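Have a look at the structure below before the remarks.
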Amino acid sequence: MKPTTRCPFDYLVSQCGKHHFKTFVQLLSPLLQDEDPDRYALILDIMDAVHFSAILIDDIANQSALRRNQPAAHVVFGETETATRAYLVLLRVVNRTMRENPVLAGELLNSLEEIHQGQDESLVWRRDGLETFPVADDERLAAYVRMSRLKTGSLFVLLGRLLANGGTEFDDLLVRFGLYAQLQHDCKNIYSPEYALNKGSVAEDLRNGELSYPVVVALIENKAEGIVGEALRTRSDGDTEQALRVLESPAVKDACLHALEAASVGLEDLVEAWGRREKMRSDTLDGDDLTRPSTITQHEQDDHVDRAAIDAKSDASGSSNKSLTPPETAPTTDTLSETAVGDISSVDVDYWTRRCVPIIGSLLKSCRVYSEAERETQLRFLQEHVLPNLGPRPSSPGSQIQSMATFSGFPLQPSINLSGSGQAKVRYTFEPLDSLSGTEVDPFALAPAQRVLEKLSTLLGVWPGWIDALIAAYHPTREEVEQLHPNLHEYLRGVLVRTTGRQDVQVPPMPRMWVCFVALDLEGASQALKVYFDPKIKEAVTGIPSCKYTCQILRTVDRFGNAKAVDMLEQFLAEEHSIGAVELIAIDCVPEEMQPSARIKVYVHTMSNSFQTVRKYMTMGGRCMDPATLEGLENLHDVWYSLLGESQGIVNEEYSKPLTGFSSMQHHLYFSYEMTPGNADPGVKVYIPVQSYAPDDKTIAQNYEANFRQLNWPWGEPGVYEAVIESALGPVKHSRATFLHGGSSFIFSKGRGVYQSIYLDPPLEEGGNIAVFEHHDDQDTIVDLGNM
């Protein structure tokens, strides 16, 4: 699929629509299009250039993550390119106007000066708080009106001057409307949950220190100099929340909404033409939509977004002006009402209980680090919070979708994590699904993913900022799903052709792409949350390579601040011609006080498994040559032959072992680059799809035991690892089409030495029958490593 946008300006126009002022032109000068089509076209292009360029710069200044519930242009293209394009568009339209109509060019330049003068005045107030703002009530209101007349009114006056060929007959009308438009914007920013959803932040103006109309009213009506002034000065979350409560008090809110209603009198036609239908509700104004005089339809009432949910999310996250879309109101789920939640049946939950609890229970016991009470707690958590979110059982009447968490289609992937002396812990990853997943209502299973993330982040007490940010960045909108769905096969085939260099690739049937995996590390009786996102969906719908898109996103993520590591990764992948190789994005989800140690991980693929490739990607082309990295490479070199199933060893570091053909979608290797806030040196982990280099699970088990012996781990004793797997998943010698093993990862750090993870793919039986292997929860089936 070809890119849908060429630059930040075109990207914004694609979101908002071309010729934004067309209805105004037709209302104020209905004959212009027929009488002077050239001037008509020029006026529309001038207004688009001025309006959209201002939006591009505003979004940068406000650090807005979203625009109309999609990533803002600077998030996608970067701040420098976005600002440069905005000014380039303005310069071009000025030059064009000077050539085609010098009279209009003069009006355009005058208006641009006034617009920027008003914006400058607003930014000075933002910088200085109340220090340079008038003290007297009437002077404060007059200052606000003057700023509004310049910043917003000049835009509409420009339209009138262009229509009147430099005349002033529309000035009074459009000055009034400019004030209305500014009031409307300021009120929506505080009082409209729908607007907050589209912008990805509640009360963005207040959090940025903007002296908007509700702030001015609060200063006048409530004499709230102390509370509001402190919020403007400190910009702290606590002070901002106190100020927001003042702005949302009935006295301030009703005064603002009454002023907005009064400003619209006599402008009804212009108000209707302007649109901006986000709803605002007042405690004393009968819930009317105060953005326009017409009545709210029942459909609009049904679509109303619960402000309390957004506020609760902001409170939980301590959100700043960059806080992003709450999971329950993220893209595409606006069509799913609460009654449309696709809960699965108790029969389905019972099926997953029978399938999953014995597997996790067996692995917990085999690790010998979990007490009986801890195992019971972990299994109870699994049953209460995970199993109801695995979707319908396979081939049941309501089954619509097969999980993409494993190659077998099983929706939960257990893994065993070994480190240091070989001590093992359990982890599992699952794809949230429900009975509507895969249907026309929710073909990509977005709703259960966002619902589960919200519930788990609240339950586990984690800071949701990164979750919200990446939902906004990577989860597709409804329109993007509709765009991608029929073209998915074409996109996937194009990816395979590019990565393999072959035209004869076969793309397996894939009705969708995954949007979210949830992982839980089991630490004693507690759980550590990680979340994975697929960047390929945005690559498919925007045409922006996954690496470029991801790096732009990471540079704007709140409380990350690691542009140096991001730049290093982007430069390295560009050198390797791998800008489309980013396959996964993962985040640690931790309590707010632990956020400085949280990781963001970027996963990339390679089409070679030679150790030369490993060395290049582990050192990022020689950029990371610290002692820990080099020691890790030495340790990995010692076990590399066993991970690739080469029992005789590998002499030539340039040797790349061919894949077995297990899956045409499988790459040779994966690497993850782990970045923490402020740390410029990423940790690098290599992932080996062992099922692509071995004939069967029996061989893989033997290779792992050789691997563990090389590291002097107790699981390397003959038959030990194999017994662990068989006690959980059944015989390693089987005739199924899919493997029990899903891959292995390897990383080395100075603190804990080698850290290796073994990923498992439980078999997916059809019809809900457990026919392949019957689990037993008696001690004889559990491998005891306590005396080894």
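Backbone N, Cα and C atoms are what each Cβ position is placed from, and that goes for glycine too.
The substrate binding site annotation in Swiss-Prot covers Lys18, His51, Arg67, Lys151, Thr152, Gln182, Asn189, Lys199, Arg427, Arg599, Lys601, Tyr603, Tyr687.
According to DSSP, Asp58 (Mg(2+) 1 binding site) is assigned to a helical segment. The Mg(2+) 1 binding site annotation in Swiss-Prot covers Asp58, and the record cites similarity to another entry as its basis.
There are 14 other CB atoms within 10 A of the CB of Asp58 (Mg(2+) 1 binding site), with all protein chains counted. What Swiss-Prot lists as Mg(2+) 2 binding site is Asp58.
Annotation source Swiss-Prot lists region 'Disordered' at 283-337.
Residues or ranges marked as compositional bias 'Basic and acidic residues' in Swiss-Prot: 299-314.
According to Swiss-Prot, the compositional bias 'Polar residues' annotation covers 316-337.
Swiss-Prot lists Met404, Ala405 with the feature L-tryptophan binding site, giving similarity to another entry as the kind of evidence. Using a 10 Å Cβ-Cβ cutoff, Ala405 (L-tryptophan binding site) registers 25 neighbours. Under the three-state DSSP scheme, Ala405 (L-tryptophan binding site) falls in the coil class.
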Since the record lists Lys18, Arg67, Arg427, Lys601 as binding-site residues, which of them has the fewest other Cβ atoms within 10 Å of its Cβ?
Lys18
Once the chains shown are all counted, how many other Cβ atoms turn up within 10 Å of the Cβ of Met404 (L-tryptophan binding site)?
18
Of the binding-site residues Asp58, Met404, Ala405, which one has its Cα closest to the Cα of Lys18 (substrate binding site)?
Asp58
Tell me the coarse DSSP state (helix, strand, coil) of Lys18 (substrate binding site).
coil
Argmin Cα dist to Asn189 (substrate binding site) over the binding-site residues Asp58, Met404, Ala405 returns Asp58
Could you give the Cα-Cα distance between Met404 (L-tryptophan binding site) and Asp58 (Mg(2+) 1 binding site), in whole Å?
40
Around Asp58 (Mg(2+) 1 binding site), which of the listed binding-site residues (Arg67, Thr152, Ala405, Arg427, Lys601) come within 10 Å, judging by Cα atoms?
none
